[in-house]
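First up is the structure itself, then whatever we jot down about it.
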Ligand code: NA
Ligand code: NA
């Protein structure tokens, strides 16, 4: 346990105080931590056999940067960039404003629903934040929304897709625990919906306390709404094709992303709204954002390799067992551990690290593994917006040049609270998760 | 001391549920508990396992040769269609054939080879019934590499290469219309939930070879006694153990396919479909022999020896 | 200069990285390669889907081409992201800590990470040669993977050089950054 804790502390120190880029900090701690486990000490730095630790990093770098399933990231970001650069996003928001603008915080709510839907299908929270940041942020600013609320809506909304099926994380959980994936997907649906509703409530709360954060506009009349719709039907159709295509199994997420990008490109070209310079800028910008995301992902993987090798998962299990708590107490402790790990981990590595260790215990206590899967995934979602390492928040602050991570974290507090409410509901009212699978499959 | 074995299949797969734990128990017992074996998950793509072990990141692992096209041609001797035994006999034969004919090859340089084995006979999972060989044409079928690429070519399917743990997602999303896999994955990868049809060919279409290996430096650092214990639990013994476990997995897989209501088509050996398939895959092995001959090994002799050994083993161990 | 036939090129280069001196040409070249690869990836994916539904024939080896393209897109950009200092950092404590502290940190950490990157790049290069020797190729198109791994190694060396260069200049250009 000690090795892992020291690793965590050094990582936090590097990231927070020494201001080392997250990716490098995680890689550095991962490599030296792993070397320490293999016998590195102060006295043998120069004759230590560094091959293992260095090769660990080398393998992760080469494999991750050529991982097929990650190709959704650049393609979806490219779609978002084309939509934005051709100024289609402005029109999208003009349309949402025509329909929802008269409500306080209406655009924020529209953003949450849009992000939830988009991340649900594209399957990557990071790609969703990066894409939607380009589409939503400039327009919300234009309509006078406060940066904190606007960016937090995107960051929080993008986490929803991990739970709403199809969900890669649930799938991996299912394989790890031998739980029905079909039931897991069904079980994820209502909690996902609940998440959207609670986020909307969080927006209502924010604009109730600070009406100036999400100002309302004049109510648009019918003909104004029709006019606004006329400009955006092409893009809306594209979104529908992309989303429907994945749900119906017409194409894979990567293919959908390619079609989305290609379609956005065609729409922009046909409307003559994409200059050469904007075209190149969209491509270059996409590449840059992709590279930033990949470096962070690679760093996170190296770091979690170190934690795996340090034996943290087994030690955590021993710790939980040693407390001799009643069953619900064990669950609460596990949830607590996940929340703490969530501060520094990226979602997938957290699942891979902990689930194989904890699920036999949970099962032996008589809990339903489908339900536990939903609990784990909800906590994982929360980790994406939990400081200090909230991956969604970083992506946003990196994509939006002049918004600081601190601002987003501040704006995200009400959403984080909404998530905790949801987590509590799902933990204590297990039927929220289990009612659908029971009706459909049991 | 703990030997960490990196694993990439789910915890319920025979590799993690049976093979590695039993191997570990044998070693632990022989060394009076000085050596312990532990499985670690989540270390990455199966194709990187050889590197992870060679570079000393983990102590041991196992992987599927088809995931690294071009590097492991020789163990494919067991993958050639027409062998006609179960995985246990095939694994026994593979280990011994490799020792006899290919021991001088450099395929496992930098690694200590612990076992060579195969999963059960490969069959076709699909979301459409296969009545005629033409039903397969232009369908997107997942293949695992190795000899399966050849089969894909002969059947005129559109091959999609992917490691086994990805198949559920791809079947569910319609990325693929089917997959080449042994029947056991119905259970361990939960594919019974997303597969409509399972077509069982007599003796299967192919086999798929794995190796299990260890870092030689880690091995050399052990005491003579402990090295002896590992050697005794590995090689032929471990290969047979693994083959047996995969066979048992197939039985369980077929069971869960039945329970889940997957339509199971058993192809009779003298049916038109079986004949058509045999015709298409007739000389697949010849291609492999040619490739191996070019590398300076006697492919023909190795293939005959393997088939003979496997048949003898199967005959001896029948009931 | 303004009469040069390549004026459009200079303009394009200056548009994004006018402030980087000579390095702007390198940045521009890398970005251009990554942009072309990205667009090609988009076209490839679309053609694959269209081919499948319209002509009932998808492109063999799309997966492996996608993987190789992804590696190029990412690794063309990593040196540029490093050069422009666009990596994801946590800025929560920025206002609390003194300026000199940030400078010292940036020097030490850039240097350490830069040196670390050299070792990692070395290892990647070594692994590339190893897999070349062992004849590792892609499944359908039989492309030798090692050349792409070597490319990644070169880009890692470049990233390392940039980090070390930045570490050194951070000591001298403190005022300029503050301004
Ligand atoms: Na999803
Ligand atoms: Na977090």
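From the backbone N, Cα and C atoms, a Cβ is placed for every residue, glycine too.
TrEMBL labels come from automatic prediction, so no person has curated them.
Look at TrEMBL and you will find A:10-430 tagged as domain 'TRAP C4-dicarboxylate transport system permease DctM subunit'.
As annotated by TrEMBL, transmembrane segment applies to A:6-37 (among others).
Listed by sequence, the residues of this chain that lie at least six past the ends of the transmembrane segment (A:68-86) yet keep a Cβ under 8 A from its Cβ atoms are 92, 122-124, 126-128, 130-135, 138, 168, 235, 242, 253-254, 256-258, 260-261, 263-265, 267-268, 271, 273-274, 278-279, 281-283, 285-287, 289-290, 293-294, 297. Under the heading transmembrane segment, TrEMBL lists A:68-86 (among others).
Positions annotated as transmembrane segment by TrEMBL: A:106-128 (among others).
Among the features that TrEMBL reports, transmembrane segment is placed at A:149-173 (among others).
Marked as transmembrane segment by TrEMBL: A:185-207 (among others). Sequence-distant contacts of the transmembrane segment (A:185-207) (same chain, at least 6 residues past either end, Cβ-Cβ under 8 Å): 104-105, 108-109, 112-113, 116, 120, 149, 153, 156-157, 160, 163-167, 170, 213-214, 370-371, 373-374, 377-378, 381, 414-415, 417-419, 421-422, 425-426, 432-437, 440-441.
The transmembrane segment feature in TrEMBL is assigned to A:228-250 (among others). Outside the transmembrane segment (A:228-250), and at least 6 residues removed from its termini, the chain residues within Cβ reach (under 8 Å) are 79, 83, 88, 91-92, 94-95, 97-99, 117-118, 121-122, 166, 220, 256-257, 259-260, 263-264, 267, 271.
Positions annotated as transmembrane segment by TrEMBL: A:256-279 (among others).
The transmembrane segment annotation in TrEMBL covers A:291-310 (among others). Packing against the transmembrane segment (A:291-310) from elsewhere in the chain are residues 3-4, 7, 11, 21-27, 29-31, 33-34, 37, 56-57, 60-61, 64-65, 70, 73, 126-127, 130, 344-346, 349-350, 352-353, 391, 394-395, 398: each is 6 or more residues past its ends and has a CB under 8 Å from a CB in it.
Long-range Cβ contacts of the transmembrane segment (A:330-362) within its own chain (Cβ-Cβ under 8 Å, at least 6 residues beyond either end) map to 8, 11-12, 125, 162, 168-169, 172-173, 176-177, 296-297, 300-301, 303-304, 307-308, 312-314, 316-317, 320-321, 323, 369, 372, 375-377, 379-384, 386-389, 391, 423, 427. Residues or ranges marked as transmembrane segment by TrEMBL: A:330-362 (among others).
Annotated transmembrane segment per TrEMBL: A:369-400 (among others), in sequence order.
If you look up TrEMBL, you'll see A:420-441 (among others) marked as transmembrane segment. Beyond the ends of the transmembrane segment (A:420-441), by six or more residues, the same chain brings 180, 182-184, 186-191, 194-195, 198, 331-332, 335, 368, 370-371, 374-375, 378-379, 382 to within a C-beta distance below 8 angstroms of the stretch.
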Candidate ranges A:6-37, A:106-128, A:149-173, A:369-400 - greatest C-beta contact count to the transmembrane segment (A:256-279) (under 8 angstroms): A:106-128
Comparing A:106-128, A:149-173, A:369-400 for Cβ pairs under 8 Å with the transmembrane segment (A:6-37), the winner is A:369-400
Is the transmembrane segment (A:149-173) packed against any residues at least 6 beyond its ends, judged by a Cβ distance under 8 Å, and which are they? 69, 105, 108-109, 111-116, 118-126, 128-129, 132-133, 136-137, 140-141, 179, 181, 184-186, 188-189, 191-193, 195-196, 199, 202-203, 206-207, 213-214, 246-247, 347-348, 351-352, 355, 373-374, 376-378, 380-382, 384-385, 390, 392-393, 396-397, 400, 403, 407-408, 411-412, 414-416, 418-419
For the domain 'TRAP C4-dicarboxylate transport system permease DctM subunit' (A:10-430), what's the model's average pLDDT? 83
